[in-house]
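The ATP binding site annotation in Swiss-Prot covers Gln176, Gly194, Glu195, Gly196, Lys197, Thr198, Asp696. Residues or ranges marked as region 'Disordered' by Swiss-Prot: 1024-1098. Here Swiss-Prot flags 1041-1051, 1058-1077 as compositional bias 'Basic and acidic residues'. The Zn(2+) binding site feature in Swiss-Prot is assigned to Cys1082, Cys1084, Cys1093, His1094.
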Amino acid sequence: MGFNEFIGKLFGNKATRDMKEIKPWVDKIKAVYPEIAKLSNDELRAKTVELKKYISDSAAEEQKKIEELKGTIETTELEDREGIFAQIDKLEKEVLEKYEKALDDVLPQAFAIVKDTARRFSENPELVVTATDFDRELAAQGKDFVRIEDDKAIWQNHWIAGGNDMVWSMVHYDVQLFGGVVLHKGKIAEMATGEGKTLVATLPVFLNALTGNGVHVVTVNDYLSKRDSEWMGPLYQFHGLSVDCIDKHQPNSDARRRAYMADITFGTNNEFGFDYLRDNMAVSPKDLVQRKHNYAIVDEVDSVLIDDARTPLIISGPVPKGEDQLFEQLRPLVERLFEAQKKLATQYLADAKRLIASDDKKDQEEGFLALFRSHKALPKNKPLIKFLSEQGIKAGMLKTEEIYMEQNNKRMPEATDPLYFVIDEKQNSVDLTDKGIDLITGNAADPTLFVLPDITSQLSALENETDLTEEEKLAKKDELMTNYAIKSERVHTINQLLKAYAMFEKDDEYVVIDGQVKIVDEQTGRIMEGRRYSDGLHQAIEAKEGVKVEAATQTFATITLQNYFRMYHKLSGMTGTAETEAGELWDIYKLDVVVIPTNRPIARKDMNDRVYKTKREKYKAVIEEIEEMVKEGRPVLVGTTSVEISEMLSKMLAMRKIEHNVLNAKLHQREADIVAQAGQKSIVTIATNMAGRGTDIKLSPEVKAAGGLAIIGTERHESRRVDRQLRGRAGRQGDPGSSVFFVSLEDDLMRLFSSDRIASVMDKLGFKEGEMIEHKMISNSIERAQKKVEENNFGIRKRLLEYDDVMNKQRVAVYTKRRHALMGERIGMDIVNMIWDRCAYAVELGDFDNVKMEILQTLAMEVPFTEEEYNKMRKEDLAEKTFEAAMNNFKRKTDRMAQIANPVIKQVYEMQGHMYENIMIPITDGKRLYNISVNLKAAYETEGKEIVKSFEKAILLHTIDDAWKENLRELDELKHSVQNASYEQKDPLLIFKLESVNLFDNMVNKINNNTISVLMRGQIPVQEPEQVREAAPEPQAPRQQYREEKQDLSDPHQQAAAEHDTREVKREPVRAEKTVGRNDPCPCGSGKKYKNCHGQNA
């Protein structure tokens, strides 16, 4: 007995322990279920109202205290408000804790209600209940599943979802109740494909929606979010819970705001994230769409939290400098360089073949060196890959590589200097050699055009020059830094263009559609709309392909999906495959993965991998296997890793006259139709990775008899998870099926990470071309290679998250302060803190004249102490004295502002109040005039104090936005510059953390300084009532100036999962929408005409 088995026997494995913990909950649900099943339809709905009340009452006391405290804010002195807000925050936390406890109390009843509602819909074509206002509202909106007859609402059991007429036929199994408990507890439920994850989510969604705080159901693409909101919606709406989907409405619209106010909101991960960013660019509270982040269930959670983890959401705008033409200018040089390297690599390969075939040992050594050079020149060269698969060749080349790698790569330049540039596939890097630099510099006047100067030694040499004045030194320094920045940009552009030519292949990593370069998601084969490679790489590919190079942009707001989802009070997720990444999900998100057993045992047969020497043999074997399956009458799903391979297999099948469908990034519009047919007899479907497709393949009875769906993988993926997802397409709900992967030593995974050992095994066993090896040892070896890649990818993601965590702390602080300013409730408290900060800063300046100047410039007042007092008193006391004087000065000025404005406001309101909602009030700080928009009614009711609040808000928002935008740019530049620290044996992350603190402090000082200096000087020029004019609407920045994108910061060969599905939805049947004539009876059942009832606003 092994150690792990012994420990397992002693303590039980994790799956057993998880089930043991959840089973009592499921037993409770099953115990209350008979009682719930006995209730009439009306009683069942009344039960939901009862549970809502129970939850609401559990924290009623705390809610009452919060309202009381909020009522005291306006009458409390500014300095003392902080204590009230701290109490409110503490009480709000207590409310959430009370709600969680109450939810646990009612869980068995709530889950039983959902299960029995599902049963009633599946067993009855119609459910008749007493009509409520909510039922009438739904009927008036034209929902096809409910109609009103007198005082009754008739709910049907079929409705339109995703363009299809769905008849409800599902009831929750016990394993789905297990899954529901796991999700409610804030964990990840791993459930096999076909186990009904969508139905499982109805349980915790219903339960948590009872609080009224909102539940977000997050999907990976807009087709699924719309379909699921329509499919599951009536189950919730039957119980009076509102349901909406943000993807059905335009950003920043009232409809989207209403969608967030619904009890249950569906949407894609991107749109939730972008709405958060847009909210933090809003200039008025009425522009906000989201409310507090309460509870989210993420579908395909591994795809969102792991694959998308290196992909920040970014809202950017145009940069003031003109369009950058550098990529266009340098493209011909790089093209020449690439062609020269291609010739060189071909020559080295020809020399290698000739020399290795010789009997002379010296010739053979020379031959393997030439082969190694050809490999370093262009590792993806197809003739090279084919030659490396021959017996003993790869082993010989690896031996040569070891010789040159000895003593920390000491001899490597001997091998690589004859090349123009060197490619390292594993590191995803391209480095120019001196020979390459000479070629692109050519006849240029400056031979150092593409060589970065040693800026450190140049600067220290400048410091030591004695014959220059300080001013001349500064001018020279500026010149050096400018020259360095220009050259750095030029070298960076060359490097990115080289990557575009040498490491990115069209129709593999990207496609060109309608004159645009679009990234293909390597996990799912979908086009990733709106996503661009970062760091100039996308522009480089655009230049290579001869399409329009997009202009450079500047970031206005950004967040990674991980940091967005960490804001939720409670987070859970569902997926078919998370166990392999359980460590990462726990490490980063503290999310526990619980594997839910299948409802029926899996009958799928998973076979060992079949390994061939070359891709040609592998594809030949794949076609023969497909042919065999078609003869047996089994449907076949062929999983490929790129568009190119799917098209090549399609041509091979067409030559054999085998009918088939292709599903890839170029043909995704037909996806739903193709998947619907994929389970029919002898149907062959070729699909680029099926991860996250969200549609089950259903089998006909004759197919089940023939052996079920056959899955054929044409290549092992870097991630075991994607392979498991492909396998999981077969064998749903106990159906028969099989899966097998065909692998060749030329595949990327094998070439980069695993094939040395397998190649030597095949050589020893004397395998000839065309022969195949199938052994558990080989499959294990491939899995080890995948683990190696996964660990490497985890390291990259963790590192990126550590960088983003630094930015996230700053983002939270800035956005909190911005929200205070926007809502106006806590703005006074923030301004008091800013004034204190400026006072404390001023008294620390050391020299009395400097202190005097600082107080005069920032606080717009005389220094409140003498020079003698300054030298004698403690700094804390001086700060306190200055603060007291500053606050008195500030109150006097704001009171004066309100007094001057009030007579004018009073007159305008009383005489023209019906004409204006908002008016413009001009305020000046002596340098510039600010036109402040103020609500006329609020200004009248507060005797002018609202003007002060609006002035404070406008100045603070403007200052924060400018400073944050600048800070983001500086953080971006810092992130690039700290990477050089690794050459000095320093940790770039540590340097980044230290430097970013300085940047943040500078930004906070800038915000405080600029805000206070304007507020302290603000005054209203005396104005006559007839000069008052109506305020224009708040200036929301024009949307066309902004670009919303997901930038991919990752290695292109480890792309993240798709999030935008633009498939064509089938035409809806005519009966989907009920049109009501203006004079027809209103569908709500009120008896009034439609035009006089719900049709008034239509």
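The backbone N, Cα and C atoms fix where each Cβ goes, and this holds for glycine too.
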Residue with minimal Cβ packing [other Cβ atoms within 10 Å] among the binding-site residues Gln176, Thr198: Thr198
In three-state DSSP terms, the structure that Gln176 (ATP binding site) belongs to: helix
For Thr198 (ATP binding site), the three-state class that DSSP assigns: helix
The one of Gly194, Gly196 whose CB sees the fewest other CB atoms within 10 Å, among these binding-site residues: Gly196
Set of same-chain residues at least 6 away whose C-beta sits under 8 angstroms from Glu195 (ATP binding site): Val175, Gln176, Gly179, Ile596, Thr598, Asn599, Arg732, Gln733
Lys197 (ATP binding site), number of other Cβ atoms within 10 Å: 24
